[in-house]
Amino acid sequence: MTERAQGPARQEEFAGRMLRLLNDACLGHLCSLGHRAGLFDVMAGLPPATSARIAEAAGLDERYVREWLGGMTVGGIVEYAPEDGGYRLPPAHAAVLTRDAGPDNMAAFTQYLAMMGEVEDEVLAAFRAGGGVPYSSYPHFQDLQAEETARVYDSSLVDTIVPLVPGLTERLRDGIDALDIGTGQGHAVNLLARAFPRSRFVGMDISEAGIGEACAEAARWELDNARFEVADTAELTGSYDLITAFDVIHDLARPARTLTAVANGLRADGVFLMGDIAASSDLSENVGHPLGPTLYALSVFYCMTVSLAEGGAGLGTVWGRQTALRMLREAGFDEVGTREVPGDILNVYYVARKGR
Ligand SMILES: C[S@@+](CC[C@H](N)C(=O)[O-])C[C@H]1O[C@@H](n2cnc3c(N)ncnc32)[C@H](O)[C@@H]1O
């Protein structure tokens with residue numbers, strides 16, 4: 001059948017897809033609210049309950065909770081029994097929606113939707129005039145990012161991610177100098193400093209708010225082997241045995257210069273551990289990526305755009321393996337391998353050395 005003959009059926013099918021898209025996008029916003037208001041956590045701990053009981057347990061206004069429950073019910077996230085007005089969050093759904101779910105909590109991730117909405121006008125202006133959107137337009141980013149990545153670091157940084165580099169756990173136990181660039185709120189650094197008290201850690205970020213939170217956590221945990229600096233990674237100085245960058249390089253205005261500074265900042269047997277987005281640099285290979293549209297959306301609404309705001313490279317979230325490997329080699333890393341954590345569809349870890 002020709003494409004013209006297929007037309008009406010194809011159009012109807014696609015309209016159906018767009019309808020599902022609209023409903024799912026709206027459900028995403030309701031999930032974000034449910035996460036922030038603690039509703040999923042409360043419902044997971046309750047038997048089937050009325051909206052009044054749920055609102056009371058969550059300390060929220062019943063009218064809002066009832067309307068939210070309506071959306072959750074028609075969206076298939078919550079079950080509703082009209083006989084007694086009971087709402088129930090099935091355990092299988094709670095397992096991917098609650099704070100107890102840790103890294104499996106997908107409701108937390110939906111908070112990025114609201115962040116994208118906050119900057120849509122500025123992003124649209126950049127589509128028309130070029131340039132980008134500055135960090136100052138994202139007042140909630142540091143908190144959101146820290147919440148998102150803390151769930152991963154808490155569950156796997158020390159026991160799963162560090163061991164991706166052979167011998168690194170032992171070296172950290174013995175005592176080495178480590179630097180984390182683009183550390184955000186520094187939770188990764190503080191976790192490592194607590195786990196490896198003989199090593200010395202520095203966290204670096206341009207965000208004063210991020211570094212403020214990092215210092216506060218280090219003080220709460222009484223760490224004397226973690227310190228933090230407000231600084232541009234492209235200008236990093238000092239020498240280290242380990243440099244890490246988690247979800248940072250593709251956001252930078254000057255990624256190539258930063259990678260060269262990292263290579264120059266490593267001691268002879270030093271290692272660079274770079275966690276970044278698991279994707280291809282070839283668009284056609286990203287079709288079917290389980291997070292494909294999310295990654296390109298995050299790029300347009302944040303990663304590419306904050307870099308372009310500084311007149312930067314604008315690599316984008318989906319710069320991909322091939323570009324990352326090329327840039328690491330160009331920066332002076334002769335040995336580069338990639339590692340993945342089973343079950344983590346978002347990240348790939350590059351282990352890079354200057355050669356021995
Ligand atoms: C996506 S966040 C990742 C934060 C943290 N590594 C994590 O995993 O949660 C990227 C971080 O890079 C920081 N950043 C961007 N440009 C920078 C630069 N030139 N120098 C230092 N940090 C920078 C941002 O402020 C932000 O905290």
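In case you wondered, yes, glycine gets a Cβ from its N, Cα and C as well.
According to TrEMBL, the protein carries these features:
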DOMAIN    174-287  domain 'Methyltransferase'
The domain 'Methyltransferase' (174-287), counted residue by residue under DSSP: helix, strand, coil: 44 helix, 35 strand, 35 coil
Averaged pLDDT, computed only over the residues in the domain 'Methyltransferase' (174-287): 97
